[in-house]
Amino acid sequence: MRESLKNSKRLVIKVGTSTLMYGNGHINLRTIEKLAMVLSDLRNEGKEVILVSSGAIGVGCHKLQLSVRPTSIPDLQAVASVGQSELMHIYSKFFGEYGQVVGQVLLTRDVTDFPISRENVMNTLDSLLSRGIIPIVNENDTVAVEELEHVTKYGDNDLLSAIVAKLVQADLLIMLSDIDGFYGSNPATDPEAVMFSEINQITPEIEALAGGRGSKFGTGGMLTKLSAASYCMDSNQKMILTNGKNPTVIFNIMQGEQIGTLFASKKEELSHDRTH
């Protein structure tokens, strides 16, 4: 199945706050620049690319010199407003160095749930892609209250990236995180932790292996990534979870190399291949 990834034409790349930011709250410019180069080169190769990027609140905290993520809704939305503007400025700068035009698309759950507005989003994304533009999608944190409280089914950008992948009928969703893939135990505490190379069904046993929430500036944990993977598999789409510290790993994935965990449903008897 990995070999078939070479033929993927339309890609959705999701990058999380933990990949865009250092643990000390500063922006990881090196990673962002590499990401811009990789995605621009995929465009040069003839691929269609959509970037789903978190980071508005994390970048906003950095811009406003906040060491702790705010907890009140008005403060979170204010920080997101500043951060989203700064984030797009950074992306535009780095993508511009490679001659790649980007466009901002901010979504909320009601927009993707309502048929007419959902179709408008699909048409807009298709129009951007047809013009060779890389859409940069984020949830509109400035108005999306429920996501900021972590109580909605929309969840965070992990699930949003899966929804976007379905909307544009992407061939592959690549989720860049701060972990190499899905493990049977926490690799940070268990040196013998085993990574799944492929998962064909999200079972209760798989869910039980997932831990809690993610970084202090982000919202996602392994459970949200499993929810996104489940959404993709229900839509007969593929998702790969891998480490985003070096975005050039995307090139290796597109060559069919065994990197990260591939989530893909199979009709035959389920099996979980592992890498040791």
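Any Cβ shown, glycine's included, is placed from N, Cα and C.
Residues annotated as ATP binding site in Swiss-Prot, with sequence analysis given as evidence: K14, S177, D178, T219, G220, G221, M222, L223, T224, K225. Taken from Swiss-Prot, the feature substrate binding site covers S54, D141, N157.
Positions of Swiss-Prot features highlighted on the structure.
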{"residue": "K14", "record": "ATP binding site", "Cβ within 10 Å": "30"}
{"residue": "S54", "record": "substrate binding site", "Cβ within 10 Å": "30"}
{"residue": "D141", "record": "substrate binding site", "Cβ within 10 Å": "26"}
{"residue": "N157", "record": "substrate binding site", "Cβ within 10 Å": "31"}
{"residue": "D178", "record": "ATP binding site", "Cβ within 10 Å": "16"}
{"residue": "M222", "record": "ATP binding site", "Cβ within 10 Å": "21"}
{"residue": "T224", "record": "ATP binding site", "Cβ within 10 Å": "22"}
Distance from N157 (substrate binding site) back to M222 (ATP binding site), taken between C-alpha atoms, in Å: 12
Rounded Cα-Cα span from N157 (substrate binding site) to K14 (ATP binding site), Å: 8
DSSP state at M222 (ATP binding site), helix/strand/coil: helix
Cα-to-Cα gap, D141 (substrate binding site) vs T224 (ATP binding site), nearest whole Å: 17
Separation of alpha carbons, N157 (substrate binding site) and T224 (ATP binding site) (Å): 9
For D178 (ATP binding site): DSSP state (helix, strand, coil): coil
Pairwise CA distance, S54 (substrate binding site) versus D178 (ATP binding site), rounded so that it is a whole Å: 13
